[in-house]
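The next block holds one structure in the form of structure tokens; read it before the comments.
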Amino acid sequence: MERKMNTEMFVLRSIACLSIALLHALYRVYDDGNTPWVESIGLLLTFGTPVFVFISQFVLSFAYPNGIPAGFWKKRIKYILLPYIFFGTLYAVLKGLDMASTEGIPLLQASWYYLWRHLLLGDFHGYFILVIFQFYALYTLFQTYAKRFTPRTMLIVSFLINVVYLGFFNLTQPGDSVAAQYIWDKMYWIFSPGWIFYFTVAYYLGRNETWFREKLKQYRLAVYTLPILTGALVLFVNGQGWITAHSSKRIDMILFTLSMILFLFSIASSMRKVPRVLEWSSRYSFGIYLLHPLLLAMFVKLPSSFGLQNLGLFSVLLQFILCVIGSAILMNIANRIPGGAFVVGRVGIGMNRKKPKAPETPTTTSIGQPNQPTI
């Protein structure tokens, strides 16, 4: 089955990836976002993670409207799930090393403390992969049952499910038990109801791309205005303290994320050619997403003379550029080694469909901090 390509997804994928890398670089320099203006910018930058969820489903709906192709699950297990397991293990061991050195706990015990949480509960920045795999399965159900209902009905129902689910965790307090605290703090991230509206929107827009483009042109003024209005709403709600979660898993972030998707899609549609830097970062986005926290953590260990921590916004820019380029280099090297793509993911196919030099048949992924602020 020949796969169709959508040029706008290169732009969305790139911007989403770069926004998360910039967010983490910002927090590394400015004390994890405790400065008010950093907190505001950082909160808005978290839109990148739900955009990845949107992209993964838009690509499926656009490229495979009549059913997923043979080998679909095999490729995604090899090039997405295996890297998830590898990085979940890697970051667990690194956190275990830190715990063992500071608390005197045996390394194996400390690593296991994090390992099962990473792999089973998605308790690290790769958690969105678990979300996407849930939607891969849901996509096949949608193709069978969604036709029984109108798109409007499905969109309204999914929006209500999403809002009620996130609102419950945003606006209520957990019990006193450790388990309840953990669920309210992190665990609710990984379940599909918290992302279902992005999936449903992507499902219908991917299947009606031509109509979607025309509507974006028709309502261009609204599309360009909405990010400002919804972004202001997020900052106002955050400033009032009505929602304290500092992540993309907020009910107000649903509107901001959707408005950014419409805005970026509209901008990308008007481009005669996708800028080379955006195409490049899109191809390496999966590796950048998974690798950049490791490089940022290494930058902290360098002497201050390198200027990576003590020069304000210049340090942010420097860390951002270095972690993005460094992650892409590591991914490129790994893809030249037999089996390396199973570790860091496959380098994506570019606009000209040239396949990266590697020993395996390429697959384009739709996506692509130890104890960092959440995204």
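Heads up, the Cβ atoms here are built off N, Cα and C, so glycines get one too.
TrEMBL annotations:
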{"type": "DOMAIN", "residues": "11-330", "note": "domain 'Acyltransferase 3'"}
{"type": "TRANSMEM", "residues": "41-64", "note": "transmembrane segment"}
{"type": "TRANSMEM", "residues": "76-94", "note": "transmembrane segment"}
{"type": "TRANSMEM", "residues": "124-142", "note": "transmembrane segment"}
{"type": "TRANSMEM", "residues": "154-172", "note": "transmembrane segment"}
{"type": "TRANSMEM", "residues": "187-206", "note": "transmembrane segment"}
{"type": "TRANSMEM", "residues": "218-239", "note": "transmembrane segment"}
{"type": "TRANSMEM", "residues": "251-271", "note": "transmembrane segment"}
{"type": "TRANSMEM", "residues": "283-300", "note": "transmembrane segment"}
{"type": "TRANSMEM", "residues": "312-333", "note": "transmembrane segment"}
{"type": "REGION", "residues": "353-375", "note": "region 'Disordered'"}
{"type": "COMPBIAS", "residues": "366-375", "note": "compositional bias 'Polar residues'"}
- Query: For the transmembrane segment (283-300), which stretch among 76-94, 124-142, 154-172, 218-239 has the most Cβ pairs under 8 A?
  - Reply: 76-94
- Checking 41-64, 76-94, 154-172 against the transmembrane segment (251-271) for Cβ pairs under 8 Å, the most are found for 41-64
- Item | Cβ-based contact of the transmembrane segment (41-64) with the transmembrane segment (154-172), 3 or more pairs under 8 Å | no
- Task: Note the mean pLDDT of the domain 'Acyltransferase 3' (11-330), expressed as a whole number.
- Result: 93
- Query: Sequence-remote contacts (6 or more beyond its ends) of the transmembrane segment (154-172), Cβ cut-off under 8 Å?
  - Reply: 146, 184, 188, 191, 193-201, 204, 242-243, 245, 249-251, 254
